[in-house]
Amino acid sequence: MNGASHLMDFLDEPFPDVGTYEDFHTIDWLREKSRDTDRHRKITSKSKESIWELIKSLLDAWSGWVVMLLIGLLSGTLAGVIDLAVDWMTDLKEGVCLSAFWYSHEQCCWTSNETTFDDRDKCPQWQKWAELMTGHSEGAGAYVLNYLMYVMWALLFSFLAVSLVRVFAPYACGSGIPEIKTILSGFIIRGYLGKWTLLIKTVTLVLAVSSGLSLGKEGPLVHVACCCGNLFCSLFSKYSKNEGKRREVLSAAAAAGVSVAFGAPIGGVLFSLEEVSYYFPLKTLWRSFFAALVAAFTLRSINPFGNSRLVLFYVEYHTPWYMAELVPFILLGVFGGLWGALFIRANISWCRRRKTTVLGRYPTLEVIVVAGLTALLAFPNPYTRRSTSELISELFNDCGALESSQLCDYINSPNMSRPVDDIPDRPAGPGVRIALLQLALALVFKVVITIFTFGMKIPSGLFIPSMAVGAIAGRIVGIGVEQMAYHHHDWIIIKNWCRPGADCVTPGLYAMVGAAACLGGVTRMTVSLVVIMFELTGGLEYIVPLMAAAVTSKWVADAFGKEGIYESHIQLNGYPYLDVRDEFTHRTLAADVMRPRRSEPPLAVLTQDATAVEDVEALIKETDYNGFPVVVSRQSERLIGFVQRRDLTLAVKTARQKQDGVVSSSVVYFTEDPPQLPADSPQPLKLRRILNLSPFTVTDHTPMETVVDIFRKLGLRQCLVTRSGRLLGIITKKDVLRHMAQMMNQDPESIMFN
């Protein structure tokens, strides 16, 4: 096997666009790395010539940090604007602020001087739609009118979101993470990270979340941050002209996206490393850290939550957890794994049905129907009516003396005189029982509706709905354990850690653990998930319960299938993604996979000095291969190198236009010296500068296990198969993916793209 030491030999002025890639093609990581090394070498040698060149080399070295700074600033600003807009538009479904219509409910009542502590959610400036229209705030008529207005706003927001996506930026739909994973693995999807996609995704994300659909903004914020990264890459030729370097920036941008989505900068870096990145050198780790820091700082400056905190669901528990509680925590992990496996199977089968049936032709109707159903079913239940983030925040909260939530309606002991932050376990009151019933209904509703919502033609994240399912289940379990500890404190298992009258169980902690378990079950994240959860809530001392739940949920979910939701959607869409985590254990050889097969025509090749321009043009016209091996002669089949189709097309076209004497019968040669030709022959065309003189080769007896590993770790597009220097065939990334699918009894033609 031989690597790529010097891929491109530009003897003359290079053509424009040589070395670029077409849409839906895979980049050649080795070539991109080599080109960047050449560029860096040239800059270093020039920097010794003059002060100006030295300054240029310093600017080039700092350009990476400048790009990170810009990504952090823009993604932080956009996240802050999205948070504020979602707050306002979610509240707009229920009412309006009379003193300033652009205020959300909370902001409206902050500014009021007439708000009392007991009725802090009610103030004269904030009026529900029924009160505004009819003057009555109570009664059946007012309830029906508020209900109708809620559904109408939900339908309007969802219709606007799907219409904008369909008309202006079809790539702005979905979560974006499966596609970003594929792009970071080296695939080209032009326009996916474009300016229009950035603008439309930002606007429609606000509309989709505000409509009350069971989706979150966290996944799409990663897409938004990567669009910002792509935008700033175009300002620096170092990144705009090198697809490998561009992907390093996009990895860091993904970290900034999670940083602003959750207020979790370290979790963002780990998420990029664990979940989305394909190639993550140490330099990218530092830059990701810097981008996540700047993004988090920018978001903190905007302060969209109004609590001067970066975190979304800040909690403060006053009770430690006990060893006996690991049992319910692990059971929540099992629930999370089961829910993850169920959700992935159900969602993928629904998305496949959407793709293959008439349903896929009416995306607008589908969104409106789902939004209408969601609003109709959500309004009667106070836990589904509010935004999912508010619901999770309430479920995470501990019941202090100042809490007015129904979940905190416990029966207080008349002689209770403890400090405010250490309230003992108490029997559940009627409010808690009603809340438990409503939460159980909310759980069923969220589980079912999220399956149909994720994957529609609007921006839709999965983090928050998954966390909501887990938080509801966790809170129910937490209250159950709390009541068991109160009523049966004489049981041996409880007696050891909970004495009567003590504050032993924190139901909010169970909600937090359940949220982590369900998110882990769906995405199969572990390390980054635990870090995101404790950054998100500030619950540093609860890392062990979170770790136990995350690991359990991953084990349980993996028992039903190794792929997380993002990998499943990559497979569903047929993206050419070679997952580093997949194991290839079959005993096949390169000769079994290479093309051409015995029944196929021989490999299309070019000779080093005996092919005419018209033959080259005919070969390009008649075939759709991405490149052609170059051999000494058709008889010897000795391999010289490999030339990319796009480079060859551009080179011949440019030579026809600009080089005198090049005609159809001109000989194309790839050698250093021109071939011996008769005196009356037309001028030959030298194309050595576009020839890759060291294409990656393996022998026909190389095990496919090794070939798959090479493709994964080096990011190859293709690999030539030889025997004793003679060319036998070629293996492309698509061939590898087809072979792997075949070995797993899947449809090999499901890999749709080139």
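The backbone N, Cα and C atoms fix where each Cβ goes, glycine too.
Under the heading transmembrane segment, TrEMBL lists 62-86, 147-169, 189-209, 221-237, 249-273, 322-344, 365-383, 434-455, 462-481, 509-534. The domain 'CBS' annotation in TrEMBL covers 594-658, 691-749.
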For the domain 'CBS' (594-658), the DSSP residue counts stand at 24 helix, 17 strand, 24 coil
Quick tally over 62-86, 147-169, 365-383, 462-481 of CB pairs under 8 Å to the transmembrane segment (322-344) gives the top stretch as 462-481
Under 8 Å Cβ-Cβ from the transmembrane segment (365-383), and at least six residues away from its ends along the same chain, one finds 147, 150-151, 154-155, 157-159, 161-162, 211-214, 354, 359, 391, 406, 435, 438-439, 441-442, 445, 449, 452-453, 456-458, 472
Sequence gap of 6 or more, Cβ distance under 8 Å, 3 or more pairs: do the transmembrane segment (249-273) and the transmembrane segment (147-169) meet that? no
Spatial neighbours of the transmembrane segment (462-481) not adjacent in sequence (6+ beyond its ends, CB under 8 Å) are 175, 214-219, 261-262, 325, 328, 331-332, 335-336, 339-340, 343, 383, 388-389, 391-392, 395-396, 407, 428, 432, 436, 439-440, 442-443, 446-447, 450, 453-454, 505-519, 521-523, 565
Taking every residue in the domain 'CBS' (691-749), the average pLDDT works out to 88
In the same chain, residues at least 6 away from the ends of the transmembrane segment (189-209) whose Cβ sits under 8 Å of its Cβ atoms read 23-24, 78, 81-82, 85-86, 89-90, 157-158, 160-162, 164-165, 168-169, 171-172, 176, 179, 182-183, 215-217, 220-221, 223-224, 226-231, 250, 387, 458-460
Secondary structure split (DSSP) over the domain 'CBS' (691-749) reads 24 helix, 18 strand, 17 coil
